[in-house]
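Visitor: Questions regarding the structure given below will be posed in turn.
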Amino acid sequence: MWSRQRDCVDPRCHIRNTVLSTQGAKYFTSDISGLNMIENSMFEEEPDVVDLTFPALDPDEVTYEPRSSRLLVRGLGENDMDDDEEDCESSARLLGMSFMNRSSAHRSNSSPYTRQAPPRSCSRPSSRTIVVCVLFLVIVASMTMVLYFLPACTFTKAGCPKPNKTNPIEPVYPISTNGELFPWAQLRLPQSIKPLSYDLTLNPDLDKMTFTGRTVINMSILHSTNRIVFHGANLSITKATFMASDVTVLEYKPRQQLAVNFSEELKAGQYCVLTMEYSANFSNTYDGFYNSSYIDKDGNKRVLAATQFEPLSARKAFPCFDEPAFKATFLIKISRKKTYMTLSNMPKAKSTNLSNGLVQDEFEKTSVNMSTYLVAFIVANFTSITKNVSGTQVSVYSVPEKIGHTEYALTITSKLLEFYNNFFDINYPLKKLDLVAIPDFLAGAMENWGLITFRETTLLVGNESSLLEKQVVASVIAHELAHQWFGNLVTMRWWNDLWLNEGFATYMEYMSLQEGNLFLSVRFRALDKDALSSSHAVSTDVNTTEQVEEMFDSVSYEKGASILLMLNASFPGDQQFRKGIIEYLKQFSGLNTDTDDLWNSLTQTDKPTHHMNVSQMMTSWTSQKGFPLVTVNLMGNQVTLTQEHFLLTSDNTTHTSSLWNIPVTYVNDSFLSVFMCLFVFSDTFKLSKNVTWLKLNYKSTGFYIVDYGKDGWSALTEALSKNVSVLTHEDRASLIHNIFALSRLGRVTFRQVLNLQKYFSLETETSPVMEALLQLNNIYRQLEKRQESNLASRMKVLNSHPRNSIFTNQTWDKEENVSKQELRSALLEMACSLNDENCTHQATSLFKKYKDSNGTIRIPGDLQQTVFTVAGQSDETWDTLFNMYVHATYDSEKRKMLKGLASTQNPQRLVQILSSGLRGSLIQTQELPLIISTMCQSFAGCLFAWDFIQENWDRLIEKFPIGSFAIQTIIKSVTSQSSTQAQLNKVQAFFSGLKERGSQMRSVQEALETIKLNRDWMDRNLPTLRRWL
Ligand SMILES: [Zn+2]
C-alpha cells in the first residue's frame, strides 16, 4: 500500500513537513496522560466477559500472564541504578527473582545488542552494599507478595478493581452476540485449520448500497479441534452449512471474529466445507467493500463500488481467515446491471445472463495462493487502454472522461514490468495486470494482485502535467509493481514484519527510478522520527488491531528502505544484494516469511567480505528501535569512533544500552576513496597520513548520524567554504541534516549550526538547499506559533537572505529539468510564503492570465502550487479559486487548488472548507488530512484546525481508523510545530481524555514528545536566536 505523507502529491511537500522529536512517556510518568495509558492498557478487556472457562484447550491456546505485575515491576526496573543497586540486582537474579529481566523485556528494550560492561574486578562488597542489598531484597520480596496476592490490583485513579476469581492461566472466553460462549479469546486465529480455497459469489446493489454474498470455504484440518474460528465484520449471516448440515455461526464483534462449535471433534487430516450466505451494507468508510461516487462531465452523479482490504477489511466483504499467513485460492463471481462492468484479480472467464435481468461475471480461479488482504473487486463503468507486455495484458482504467490521462501510466508500467521481470528473474505470474484510478480512495494506492487500485492523482497525468507530477505517478507505480513480488508472491507472516512488504517496495521504488534526491530527504525524515523514544523496532510486536494500523508508518516504509540501501551499499558489488533477494524470492515463492528468513537468504549469498554475516549485522537494525550516533575523534592520522543510541529525550534520565553493527564508510581530504569497516562498540584505526578533515557515512547511505566534535565540524565548514565540491551533494545535505539533529539533541550549540551555514552562500544543489530550507522553515514556523512575531519576521528576511541569488535566479517559464523544477518550486513557494513582493506579484499575474484565458493558458505544473496558494491567500481571488476547484476535473490540479484554498487566513472560509470536507459534499472527505496539514502551516489556520479536530474527533475516527495513516497525519500536522508548555498541556489534556478512542496511539506519544523537545530546544536557543536575528 502507498499510504505515506504524500497528501502533498509533489515531492517538494517535504519542505513543509516538520521535524519531529523526543522522549516517550514511560509507563510511570506523573502526568495525566501517562496514568491514563496505564489504566487503559491494563483494563482494556472486553466489558462482557464471564467468569467461566471453556474446557479442552488445544495447542493453539497460549498461557496468559498476569499483566499487572509485569508493568509495575517494569517501573522499578527502568530507574537508573547505581552500583550498589546493580549489585543487588545480580543478587536478586541469583535468588531466582528473574522478574527484573522480564520487566525490561518490553518491546524495543529487549535488544540482544547491549553494551558489554568491562569485566569487573572481583572484590568483596562493602558493608554499605550489603545493607542496601538486604533492604532492597526485603522491599522486592514484599512487593512480590503484594503482587502475588493482588494479581489484578493496580494503582489507578479508579482504585483497585474487584478481584477476578478465574485462574489467570485459563483463558477467559467472551460472550457471543447470541449469548453463547464464544470459543476463542485471542486476536490471532487458531492454527488448527487451514483454508484451501474460497468460492465467492457477490450480488452488489448500487442503488440500495447493499450487497448479498455466498462464501464457500474449503479447508483442511491440521490439528483435531471442535471449533472453526475465522473473521467477519458487519456481515449478517443468513444461512450456514457445514458439510450439508445447518450450523450456527457465533460472532464476537470486538475482535471481528466468527466461530462454529462442533460437539464432535474434527479430526486432523480431514477436509471439509463451510458455506455461508449473508447480507451487508456497503462500507461508508474507505475500507472493505465500499461505495464511491463522482460527478461526470454532464453533472450527473455516478456511483461505483470498490474494495480496499489491507490490512484488516477483507472480513467486511466476506467471511474469511483474514490474516496474511492464511493463503488460499479464490474463485469470484459478481452480478451487475448491464450498464456496469466488473474487475477482479483474475481475467474474466465468462458472463452469464441471470433470470433477474442482471449479468453474472465469473473470473478465473486464482492461479496463485493469495492472502485475503490482496483480494479485490470493482463494479463501475470505467474505460481502459491496454497493451501486451511480455505475455501479460496490462490495462489502465479510469472514469470515461479521464481516459486521455492514462497513457503515461501504461507506458511507465510496461517499462517497469519488464524491468522487474528481469531484475527479480521471476516473471510476473498472472496473465493480466490492471491499474485502476478510483475517484474516491483514501490510500495512495493498493497492490491487490493483478488489480492495483490508485487515487486518481497517483495514476493519471495529462500531457501538460509537470515532470514532477509524472515522477510521483512513476514512483507509485514502481512501488505497487514491486509489491507484486515483495508482498504478493512472498508475504510477511504477520503484520509485525510489514516492513518486508513496505520497506522493500519503497526501496525498489527509488532504486528502479533512480530518484536519488527524493530518497535522500526521505531517509532524513525517517531518522527524525526514529530518534524519538516513541519510535519502534522495524520488526516489532503487534497485538491489537490499532497496532496493525500503526505499522503503516515511516519506520516500516522509509526506515525499512533505508536499511536495505545501507546493506546493499555495504556489499562490494551491486549484484550480490540482487542475487540474495532473487534467492529469497525463489525459496519462499508463494509462502510467508519473517525477517530472519530474509537475512538468512542474504547471508547465504554473501561472500566472506564482512567481519560478520548479514544476519548478525542486520538483526541489530531490525530488532531494536532507533539508530546510532557515531562520534568521531580525529587526532592526526588516528581515528577513534564510538557509538551510542541517538535518542532525543526531554528526560535526561533515559539511557539505553542499544548497540548496532555499523557499516562505516568515510572520505577525507587526502584520498577521496571510500573505506569500509564494520564496528560494534568502538573502533580505532590509522589513516596512511595526517588529514585535515574526515567525513563519515559517504553519500549518507548508512542509517546513522555523525558528530565530528567542535574541531571536526570547523574543519569541514572550512573545507566547504573554500570549495563546496570537495564533498558530494548528498554528503553536504547530510552534514546539514546531522548538525540540526545534533542541535536538537543538545550536542552542538546553535552557534555551531550557524557556522556551517557560512558555506551556504556557495550552495546551489537541490538537496542541500532544500534540507537547509526545511530546517530553517521549521524554526520559523515554531517561532510564529509561539507568537514571537518579531523574531519570526526577522527570520523570514534571513531565511531568504543568504540565498538571495538563488531566489532571484528562478524563472517563471517552462523548466525541463526535474531537479531544477523541484528546487524552483520549493524556493518560489517559500519566497511567496514569506511575502516576497516580486514573487507574489508574479504569481498573482500568472493566476489572472490563467483565469482570464478560461484555463487555456497553462501554469507550468511545478509552479501551480505557488500560484494557487497566493490566490488562496487573497480575499479577492479565493472565491474564483473555489469555483475553479469545484469544476476542475483534473485531480492533481484540483488538489493543488484545494491546498491553495486551505492556506487562507479568513476564519469563515476555513470553517467552510473544513465542514465541507467533513460532509464530503463539495470536498471529498479523503482530503481532510491534506486540508488540515495545509492549514497548520499558519498560526490562525492551525488554531482552527485544532478546534475542529477536538470537536469532531469521533466523526474523524469513524472515517479514518484509529492508528491509520490519515489519523497519524492529522495529529502530526496539528502538533508538530508547537513548542510551549501551554500548548503541551492542551494537547495532553485532549488526548488523555480520549481513553479507548485513541489515547494510546503511538502518534499521540510522538506528538507529546515532539512538543516537549521543541520546548526544550527553544528554551536553550532563544537567546542565541535573538542575538543572531
Ligand atoms: Zn506499499
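If you go along the chain as it appears here, the first residue is 1 and each next one adds 1.
For all residues, glycine too, the Cβ spot is worked out from N, Cα and C.
Summarising the annotation, TrEMBL assigns compositional bias 'Polar residues' to 103-114. Residues annotated as region 'Disordered' in TrEMBL: 103-125. Summarising the annotation, TrEMBL assigns domain 'Aminopeptidase N-like N-terminal' to 194-374. The domain 'Peptidase M1 membrane alanine aminopeptidase' annotation in TrEMBL covers 408-621. As annotated by TrEMBL, active site, proton acceptor applies to Glu480. Annotation source TrEMBL lists site 'Transition state stabilizer' at Tyr557. Among the features that TrEMBL reports, domain 'ERAP1-like C-terminal' is placed at 693-1012.
Looking at the shown structure, what environment does each listed feature sit in?
Guide: The secondary structure of Glu480 (active site, proton acceptor), as reduced to three states from DSSP, is helical.
Of all Cβ atoms in the protein chains displayed, 30 besides its own lie within 10 Å of the Cβ of Tyr557 (site 'Transition state stabilizer').
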Visitor: List the same-chain residues at least 6 positions away in sequence whose Cβ sits under 8 Å from the Cβ of Glu480 (active site, proton acceptor), in sequence order, or say none.
Guide: Trp2, Leu435, Ala445, Met446, Glu447, Ile452, Phe454, Ala505
Visitor: DSSP three-state call for Tyr557 (site 'Transition state stabilizer'): helix, strand or coil?
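Guide: DSSP call for Tyr557 (site 'Transition state stabilizer'): helix.
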Visitor: Which whole number is the mean pLDDT over the domain 'Aminopeptidase N-like N-terminal' (194-374)?
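Guide: Mean pLDDT for the domain 'Aminopeptidase N-like N-terminal' (194-374): 96.
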